[in-house]
Structure formats: structure tokens, C-alpha cells
Amino acid sequence: MTPVSDPSSFSTVSKCATKHLNLIYHVDFDKRVLKGKVALTLEVLEDKFSSLTLDSKDLKIFKVSANGQAAQFEVGTKHKSKGSPLEITLPFELSRGQHVIVEIEYETSPSATALQWLTPTQTVGKKHPYLFSQCQATHCRSMIPCQDSPSVKHTYYAQVSVPKELVALMSALHDGQVPDPSDSSRVIYRFRQPVSVTSSSLTESCFLLTVYQTETMLKTAESLAGPYVWGQYDLLVMPPSFPYGGMENPCLTFVTPTVLAGDKSLAGVIAHEISHSWTGNLVTNRNWEHFWLNEGHTVYIERMIARCMESEHLRQFKGIGGWKELQESVNQFGANNVLTNLVPNLHEVDTDEAFSSVPYEKGFALLYHLEELLGGPEVFMGFVKSYIQLFAYGTVTTEEWKNYLFTYFKDKVDILNKVDWNAWMHTPGMAPVKPKYDTTMADACTALCQRWVKAKEEDLASFTEEDVKKLKSPQLIEFMALLLQEEPLPLSHVKKMQEVYQLNSVKNAEVRFRWLRICVRAHWEEAVPLALKMATEQGRMKFTRPLFKEVYNFSKYSDKALNTFKENRGALHPVTAMLVAKDLKING
């Protein structure tokens, strides 16, 4: 395995590697902390090994031992985004190949960025509190002192004590539950994860909700990518403040409730998170600069699932929508911003601030381009499956992926040599080649968009509800996305659109989100409270950040956006709150 430093981590991954974690947690809802003990089984990778560094963030460290002997430790200076290095000196010296168990007793901070604590009033049932963790990309260190780098993969065992009226879940197999011997009002849930995972995949949730399961997509994914190795696959619908559409924890996918009213958007999210069972969880990027290896391949497999279960037209249509999402990210960052590189330099960069659709959609565009060059979807999916088999249970860099691509297609090296790899990988802005997607499903969206854009006042009477009745839900979303790429429509046009299409009553969150942005851009004042309501009644970053920005950019309502955010900040996930604050130019 090629040694690659991780600019987002303090941990000494070249000196030792975590092979197993044993976690004991006491979930304290009153103090909003996890009281924990973690035992890290470490393999030593060098001779004369006597010290190591772990990642930590706002943790109270009480005691450290190594193989049962007390060990000296020091928490280093706090970095603005990476947390603090935890320097541990062993009471003995070890040689390469030996193992050591480092045990740490600690407590998390109430403001730990991996954790969101919800009061009973913030939940649907209103009776019980709720906790969930979200460790990607570098937040596990606020929950566990660890080697918080995707280059390190390990198994784990966990015991979680919670009030007995609650249920605990983790990204692992359930291994039974027992009464907590120290407190009769609590129960201990046990979990085991026999497949090696990264720290960003360590997730837990203490909740009172229903867990959903799905099968058809999983079988389709297996037919494409190979056997599913994780034993079980559960879906958990998260509270509204969950910051992402979904999160691919092994054995357990988190999904936002915004997809439940989204027609087929739930299917898209589940297809994406299921695909991560192979690309992301089984084969993992070595560090976050190679994040596109996780996300680009996952989008590729997700759209292959759509192809198998629906049609090639739908896969092509999704590619068109993805290209627009890429354009929006590039416009947002600026076409010369290095964070729009497929492989960005993340030295001294907060991984949360680097997050965008670039690794997803620029990555997919590269894979689709290679598919076209090398023989079509069946041929290229053969490579993707073989790549997964080769790197399964391990981590990979872009260079290793590219080397295997050249090995697998050794009879087509002349074609691969014509690809401008530097433009794709290390150049900011849009992808150097725009795929030629089939526009069968997109043509109706484009035509309707252009009718509205070109319409004069006297043309408005020609629009009727029939315009959108013949569009499927993904096409309606695409129509809205196209309008957002144009200059803002006149207010008279937007009011007419509401009159004939009744878009204010649409429940689909993807449609509603884009519709409200269109309204605010047209300076329709009645839409401002609706936009701020959607921005605050859920916390999915994809929706919340742009909605706050649209209202903030409507100068008459900038203060309203600021005040609404400040009033609701406490109900948002810490990462969402931090990024919205930056969007609205709030310091601190």
C-alpha cells in the first residue's frame, strides 16, 4: 500500500495502525455528553516504537494506559479545524509487527461536532430525547480519540448504555442487550462489526423510531458490484435536522425525512447509499483528497441501478441533472478555486468547507467519459466490479486507481493515453469534456424553460396546468433547475407560474426547494417566509444553505435572514450552523 500522508489528521498512521476498537459508552442526555472508554488495538509499523499521536477534538481525557500500564499523555494545541493532537508516551518500547492495546478513559464535549442532541420537543414523538452521530469527514475525533483518517480501517465492538425506553443502533451487527448492572433504569446494547471500517463510518443513534428495510435495490447492486459483505442492511429515517440526504454507515443507512415526500427521491438516495456498501465502505479513499473515488464511483453505480430498474433514458437524464449540479458548485466556489479540482489539495483546509457536488459529479463525468471511450456501460461496469474486488477491505489513491485502469484495459492503453488526466484531476473548473447525454427526457424540460424565459407579458395567457401534468417528477425538478441557471424571471411571470401550476402546494422537497429559490430571486415578498420556513423546519444542507443565501441576497430581507438563522441556530446540526454562518458572513 502506497504511504500517503493525510493533511486532515494529526495521527501517526505511518508508525502504527488501529486494527480493532473496543468501545464502552454511557449516553448522558442531561449533560449532553458521552462518557466513554476506548481500547485501541494497534499494530506497530516501526522498530523502537514508544510514542504515538491520536486525533481528538474537545475531549476531556482522564486516563491513558498501554497493555494495562499507566501511560503519559498530553493534549496539544487546538487547531482551527483539526482539533488537538493527543500525544501518548508508552511505558515501554515495541518492535515492528508487535501489538499494543491503548486504553483511554474520556468524556465528550456538549458541543462535539459529531453529535447532535435533540430535546423531546425537537422530535416527532415529543416524548423522548434523541441523539445521532455523523462522523464524516473528520468529526469522529470529537467522539473518540482515534486515528481519524480513512487510511486506517479496523473492526470494532461496542457496548452502549442508554435509558431503557430508548433504542441504540450502530453501524454494526446487533449482538444482544442486557440490563445495565450499575443502573436499573438503563439498558446496554452490544454491537460487533467484523468487517474493517474507517473512523468516519463509526455511527450511533439512540432513538424511538421505526427502522425500514429494502431488498430489490440491494439485489440489483449485488448483480452489478459483487456480494454484499455487511450481513444486514437497515434504513433509519433521521430527525429533520440531519444535514445530508443520506449517510452510508455500514449495515445502517441514515436518510433525511425530506425524501419521504419526494416521490422517487427516496429511491435515488437509497440507491446511492446502498452503492456505498461497495465504494466507500468496502473500498475507501486513502484520504479526503481522494474523496471522488468514493463518491464518483458511487454515483456511477447508483445510476447503473437506475438503468437496470428503470431505463437507460433515466440514467442519461440523471447525468444531465448532475452536470447542472456540478456547474452550480463551480459557480459557487469560482472557476479558478482549487477546491473544484477532482483531486484537491486539502492542506490547512476544513473538509466541511470543501464539501460540494464536485467529487460526485465531476467524478461521475470522468467515469462516464471513460465508459464511452472504452466500450459502453457493460464493459466499464466490468472494470468497476474488478476494481472493487481488487481493493476490497482496503484503501486506495487516485494513482492506484489509474494504474489499475491501465492494467485492466491493457489492450486500450492508446485510448487512455489520449485522456487529458491533468485537466480532469488537477485543474479547477468544469470537467474538460462535457458528456453527450441522450436528451429524450430532458427536451420537454428545456422547451418549457425556454418558453418562460422568452415569454412577454402578452404571452403569459398561453401557459396552462397541462404544461407540467405530462412531466414526471424528475422532469419537473429539471425544469426548475434550468430556470435557476437563467436570469431571474420577472415577478409577473413567477406569479403566473404559481397561478397555473399551483407549485406552493407541491410536497416534493426537491421541487419546493427550487421553486422557493425562483420566487425569492424574482423578489416575490410572499415567498420569503415560506423560504425561511423550509430553511429552518429541516436542516438538510442541500436545502438550508441555498435558501438562507437567496433570502440574504434579497437586500430588503438580509436582516430577516440573519435574525431567523440566529433564532434557529441551536436546532441545526453544528456543521450546518457553521457553514450557514459563513454563508451569511457571521463571524463566530
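Just so it is clear, glycine is given a Cβ too, placed from its N, Cα and C backbone atoms.
The following features are taken from TrEMBL:
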type     : residues                                                                                       : note
BINDING  : Gln134, Cys135, Gln136, Pro243, Tyr244, Gly245, Gly246, Met247, Glu248, Arg540, Met541, Lys542 : peptide binding site
BINDING  : His272, His276, Glu295                                                                         : Zn(2+) binding site
ACT_SITE : Glu273                                                                                         : active site, proton acceptor
ACT_SITE : Tyr360                                                                                         : active site, proton donor
DOMAIN   : 440-584                                                                                        : domain 'Peptidase M1 leukotriene A4 hydrolase/aminopeptidase C-terminal'
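This view paints the features noted in TrEMBL onto the structure.
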residue: Gln134; record: peptide binding site; Cβ contacts under 8 Å, 6 or more apart: Ala114, Gln116, Thr203, Phe242, Pro243, Tyr244, Met247, Phe254, His573, Val575
residue: Gln136; record: peptide binding site; Cβ contacts under 8 Å, 6 or more apart: Ser200, Ser201, Met247
residue: Glu248; record: peptide binding site; Cβ contacts under 8 Å, 6 or more apart: Ser201, His272, Glu273, His276, Ser277, Gly280, Asn281, Thr298
residue: Glu295; record: Zn(2+) binding site; Cβ contacts under 8 Å, 6 or more apart: Gly280, Pro359, Tyr360, Gly363
residue: Met541; record: peptide binding site; Cβ contacts under 8 Å, 6 or more apart: Pro243, Tyr244, Val575, Thr576, Leu579
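Other than the site residues His272, His276, Glu295, same-chain residues with C-beta atoms no more than 8 angstroms from the centre of those residues' C-beta atoms, the Zn(2+) site, are Glu248, Glu273, Ser275, Thr279, Gly280, Asn294, Thr298, Val299, Glu302, Tyr360.
Remark: Gly246 (peptide binding site) has Thr253, Phe254, Val255, Thr256, Val259, Val269, Ile270, His272, Glu273 as non-local neighbours, by Cβ distance under 8 Å and separation of at least 6 in sequence. DSSP labels the residues of the domain 'Peptidase M1 leukotriene A4 hydrolase/aminopeptidase C-terminal' (440-584) in these numbers: 112 helix, 0 strand, 33 coil. Of all Cβ atoms in the protein chains displayed, 23 besides its own lie within 10 Å of the Cβ of the residue listed as 'active site, proton donor'. Take the CB of His272 (Zn(2+) binding site) and look out to 10 A: across all protein chains shown you find 23 other CB atoms.
Using a 10 Å Cβ-Cβ cutoff, Glu273 (active site, proton acceptor) registers 26 neighbours. Packing around Tyr244 (peptide binding site) is summarised by its Cβ count: 22 other Cβ atoms lie within 10 angstroms of its Cβ, all protein chains included. If you take every residue in the domain 'Peptidase M1 leukotriene A4 hydrolase/aminopeptidase C-terminal' (440-584) and average the pLDDT, you get 95.
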